[in-house]
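The following feature annotations were taken from TrEMBL:
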- 1-28: signal peptide (SIGNAL)
- 24-141: domain 'Ig-like' (DOMAIN)
- 78-98: region 'Disordered' (REGION)
- 146-256: domain 'Ig-like' (DOMAIN)
- 273-354: domain 'Ig-like' (DOMAIN)
- 362-440: domain 'Ig-like' (DOMAIN)
- 447-540: domain 'Ig-like' (DOMAIN)
- 546-569: transmembrane segment (TRANSMEM)
- 577-627: region 'Disordered' (REGION)
- 608-627: compositional bias 'Gly residues' (COMPBIAS)
Amino acid sequence: MEPPDAPAWACGALLLAVLLAAHPDAQAEVHLSVPPLVEVMRGEPVTLDCTPTGTHDHYVLEWFLTDRSGARPRLASAEMQGQGSELQVTVHDSRGRSPPYQLDPWGRLVLAEAQVSDERDYMCVVRAGAAGTAEATARLSVFAKPEATEVSPNRGTLSVMEDSAQEIATCHSRNGNPAPKITWYRNGQPLAVPVEMNPEGYMTSRTVREASGLLSLMSTLYLRLRKADRDASFHCAAHYSLPEGRHGRLDSRTFQLTLHYPTEHVQFWVGSPSTPAGWVREGDTVQLLCRGDGSPSPEYTLFRLQDKQEEVLNVNLEGNLTLEGVTRGQSGTYGCRVEDYDAAEDVQLSKTLELRVAYLDPLELSEGKELSLPLNSSATVNCSVQGLPTPALRWTKDSVPLSDGPMLSLSSITFDSNGTYVCEASLPTVPVLSRTRNFTLLVQGSPELKALDTEPTADGSWREGDEVTLICSARGHPEPKLTWSQLGGSPAERVPGRQGWVSSSLTLKVTSALSRDGISCEASNPHGNARHVFHFGTVSPQTSQAGVAVMAVAVSVGLLLLVVAVFYCMRRKGGPGCRCRREKGAPPPGEPELSHSGSERPEQTGLLMGGASGGARGGSGGFRNEC
């Protein structure tokens, strides 16, 4: 405890200090090293340091707690008996703290788990005898992070017609230390509202200390609402402090308000399906949609105007009217009325629209499914239809446009006019609605015949035995029959890609008889017939017969040349026959002797002698005949 006579003690200490200064070997004045502020998170251990400076043989260190009443109870003390000895520590009063205060071997005050109740001023006093007494105070701050921020919005319906601020929500931040601060936000932006009551808005706050010593903060927001707040999101955030000047923030969830505001505008339209021009197809399911911008959703009355009288069709909170399988008789004026009695008098709460049902009846033709006309005749076919809006008519054949309008004129009909004619009705403003009707035109007439002439394969002429395929095509109605003047023709078949045409073929070999008579193809039906004759011109004989004739001529010429050669030889020998000479001995008088020398040409010898054995031997006289 503090000494009883403080002024006298102070004067004595001053006198002692003067005396010590006069003696050089006196002890130095005592000083303390104590941090003025110690910050710690709740539940963490903390140590308060108190270290005397200088060298002292004996001193007493004491820790005091500065009470809220101003008293200074002693918590613990430590005494040093001599230089270098250990401190003798004693805990005097823990004041019911659990766990109790402790002193470590260096005289530091230890708090095992910091609590909010530990947030006090702790005084350290050191008495060092002749060196004097010193004291210092350390302030302990204990921080606690608050729990998650909670918000409780007003779940009622808030009217924008109120001219004063209404309670919006209450925000709670519990069990923090020091007490957090609460900020309100609208659409993510902080709201600058005062704490004093204000018609436009304000907030109130209340702080409660819990039994644990922690602090809880409750803030309530009041605002004057506008219609624009119907889609706004609100939330609050708790801002709290941490050691070393750090800060934290805990945001609540966002919420929206249910507002009551009167209707200012009404919309009424035809839902899907509908065309850009506003037409709907007969047979579709159509929705009429009515929407007012009041909240909560007002009541809607949907009706139909007939002879300026309202026929109520439906009353609901959605503003929807469904017409299933709509018919042309349901065309007319429909209306919607919003039953909002809070709306201003100048607001138009009723809207009307014109429902236009498009329809297209089946088409009718002046002719039946088939129309039969004679060749080179003319005709007119009419196509009629009922529809709304006015249908557009078009005639086509094989997807090729022919004419626009209900009338189709056919003149100078040919076989090419055969085919299917289509009348198509469409509604330009309702593209998905159309109908078609068709008829088939059959042209009656005698056959039209076309023959495919074939050309020779080589040198521009036919040869005996060449194979050729003849083709005849015809058209007409009834379908013509194709016949050939020679057996073997194929049955008539329809020609792919050529409407109304039939074709037949005949394969045969070319002969001289065909060149003379030809082959005919005939097409016939009840209206007449047509005929075509295939001619082949000059037909040459086959290549093998011509070769035999050439060989016979060659042999005849060869025999003729041989006879001429024999006659020539006989003229050279001087007589018409062969002469005889001896085989041995001198030749007869007047005849030259044949030389057998090497200068005689073998060819000449053989020609005159007829060869070594060519002559006939006469008896045994050693003569032979030579030519």
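Quick reminder: no glycine exception, Cβ is built from N, Cα and C everywhere.
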Among 24-141, 146-256, 362-440, which stretch has the highest count of C-beta pairs below 8 Å with the domain 'Ig-like' (447-540)?
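The stretch with the most contacts is 362-440.
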Checking distant contacts: for the region 'Disordered' (78-98), what same-chain residues at least six beyond its ends satisfy Cβ-Cβ under 8 A?
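Long-range Cβ neighbours of the region 'Disordered' (78-98): 55-62, 65, 104-107, 115, 117-118.
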Looking only at the region 'Disordered' (78-98), what are its DSSP counts of helix, strand and coil residues?
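Per-class counts: 0 helix, 7 strand, 14 coil.
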Any idea what the model's mean pLDDT is for the domain 'Ig-like' (24-141)?
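Averaging the confidence scores along the domain 'Ig-like' (24-141) gives 87.
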Please count the residues of the domain 'Ig-like' (146-256) that DSSP assigns to helix (H, G, I), strand (E, B) and coil.
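With helix first, then strand, then coil, the domain 'Ig-like' (146-256) has 8 helix, 59 strand, 44 coil.
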